[in-house]
Amino acid sequence: MSSEKHDSRDVKLSVQHSASEKASLDGQGSVEYEDLQSDQYPDIDRKKLLRKIDLRLLPIFTILYLLSFLDRGNIGNAKIEGLADDLNLHGNQYNLCLTIFFIFYSAMEIPSNMILKRWKPEIFVPLTVVTFGAITTLMGTVTNYSQLLAVRALLGMFESALFPGISYILSMYYKKTELLVRQAVFFSAASIAGAFSGLLAAGISQMDGVGGYAGWRWIFILEGLLTFLVGVLSFWWFPKYPQDAAFLTEREREYVVWSVHNSTNEVRVHPDAPKGEDTSNDRRFLWAVFLDPNCWLRLFSHMGILLPLYGISLFTPTIIRNLGYTATNAQLLSAPIYVAGAILSVVEAYLSDWTGLRRPFLIINYLCMIVGYVVCISLDPTQNPQGIYAGIYICALGLYPATSVSIVWNSNNLAGTYKRAIGIAFQIGLGNFTGAYVSNFYREQDKPRYVFGHGMTLGFIGLGFVSLLCAIINLKWSNKKKRKIIESGEVNGMSDEELLKMGDKNPYFVYRL
């Protein structure tokens, strides 16, 4: 490394940066420099390119995730249409069928993203979609508890690749300041699936007796066949990684890769910040995730969001049914909750990207969840069913937007493409174990108040909220420590390659708050 390069790293940040730039060093706000693009890619119209990428990626990603969420959650709709009675489920057998899905789903997410990082996404992801579509269809033919348990385990195994895989692929196409809105649009499919599931189940259940099958069986059969067919079509529709994307020109492919790699390190205000990021498949990044306290804090915070998310998606129809409504009305009353969650997810994502902040939105989301569950646990559903419904509504308005913000916040703060792939799957995969917990919180003996279920969920929300606050404090402290390291000149003798190998521990990498 040249002496000039060494000398340039000696510059003090307090002298070099304006007040606005120093705010960026605290991880708050956008730190993008348009002149970087204009110098190297003056021929690229980024807004036009983003529209092109959006139209190619977001429709297929949203449709596939909507179908996957339908397939995992339709068991809740099937239950109130007679599944438990027809299969003679008793005790906690229904809950165990929910639990087994999440055990396999969570266990396979990190291995799935490791495969995705090394293999072709346009083959791997559609293959898993076709498989879990077929498995969902088979669920409509089960005749006993053991068969249902086995099919749910297989469903969890093959659905595990979709969500963390798509989240990682999005991070390869979009800069940090552009990612959250896209993640929210894609994740809003979960909200829409909740609404669509109730409406669809209400309609399909009218086929009760057709072909000798009960209405709940047709829910699985028809929704599974739809997923299977879309999965087959997705072999021609699912995108490749940006460097191989046929829908982009060679110049556009080169630019997308460049723009993502040069937005990973948020500090663009320091002249010596290394450009790009480590793209190797070095296994040390795998262990770096498990040994990083920041990853664990963000995981626990995410668990406080995911547990009520699965509680809402799996048990809302049952809870509303036990408020005294008919099965069909319970399905229909669930729909507005999910629609509102989807709309607010996109609005909040836009505001978060516009401000460059994540933490204030997550704090507000958590407060909504806490208020919602306090309402649910405090009221008697036999006396005030409308109040319980309102409590579920308030909770959903917090948890659906929070999910996207939490995932992108984690992705924003991971550097090195391999660590980001593993870190995303780590958060989503281990976070999804909460689905196994909540599957056993809402027990038959506790209806209609479900004090145990609401109370345990509220406890997890509290744990997640404390973890969120600890994560914010830790990241702020880390940013200050990094700034002091640069000011002291400790990194003067390090090459760009050495710095990039440090991933997000690189002193020039500023954590987003």
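All positions are counted from 1 along the displayed chain.
Cβ atoms here come from the backbone N, Cα and C positions, even for glycine.
Positions annotated as compositional bias 'Basic and acidic residues' by TrEMBL: 1-12. TrEMBL lists 1-31 with the feature region 'Disordered'. For 55-73, 93-111, 123-143, 149-173, 185-204, 216-238, 299-320, 332-351, 363-382, 388-409, 421-439, 451-475, the entry in TrEMBL reads transmembrane segment. Residues or ranges marked as domain 'Major facilitator superfamily (MFS) profile' in TrEMBL: 57-482.
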Task: Proximity verdict for the transmembrane segment (388-409) and the transmembrane segment (185-204), three or more C-beta pairs under 8 Å - done: yes
Task: Intrachain residues whose Cβ lies under 8 Å of the transmembrane segment (149-173), provided they are six or more past its termini - done: 53, 57, 61, 64-65, 68, 71-72, 75, 96-98, 100-109, 112-113, 115-117, 121, 124-125, 128-129, 131-132, 135-136, 138-139, 142, 179, 182-183, 186, 239, 241-242, 256, 260, 407, 411, 417, 420-421, 424-425, 428-429
Open item on the list: Averaging the per-residue pLDDT over the domain 'Major facilitator superfamily (MFS) profile' (57-482), what integer do you get?
Closed with: 89
Open item on the list: Contact between the transmembrane segment (451-475) and the transmembrane segment (363-382) is defined here as three or more C-beta pairs under 8 Å separated by at least 6 residues; is that satisfied?
Closed with: yes
- [ ] Using a Cβ cut-off of under 8 Å, list the residues of the same chain at least 6 residues beyond the transmembrane segment (421-439) that approach it.
- [x] 95-96, 98-99, 101-103, 105-110, 112-114, 116-117, 160, 163-164, 167-168, 171, 285-286, 289-290, 295, 298-299, 302-303, 306-308, 310-311, 314-315, 406-407, 410-411, 414, 453, 456-457, 460
Open item on the list: Please determine whether the transmembrane segment (185-204) and the transmembrane segment (93-111) are in contact (criterion: at least three Cβ-Cβ distances under 8 Å, sequence separation 6 or more).
Closed with: no
Open item on the list: Quick test of the contact rule: Cβ under 8 Å, at least six residues beyond the ends. What residues does that give for the transmembrane segment (123-143)?
Closed with: 64, 67-68, 71, 74-75, 87, 112, 115-116, 151-152, 154-155, 158-162, 165-166, 213, 217-221, 223-232, 234-235, 238
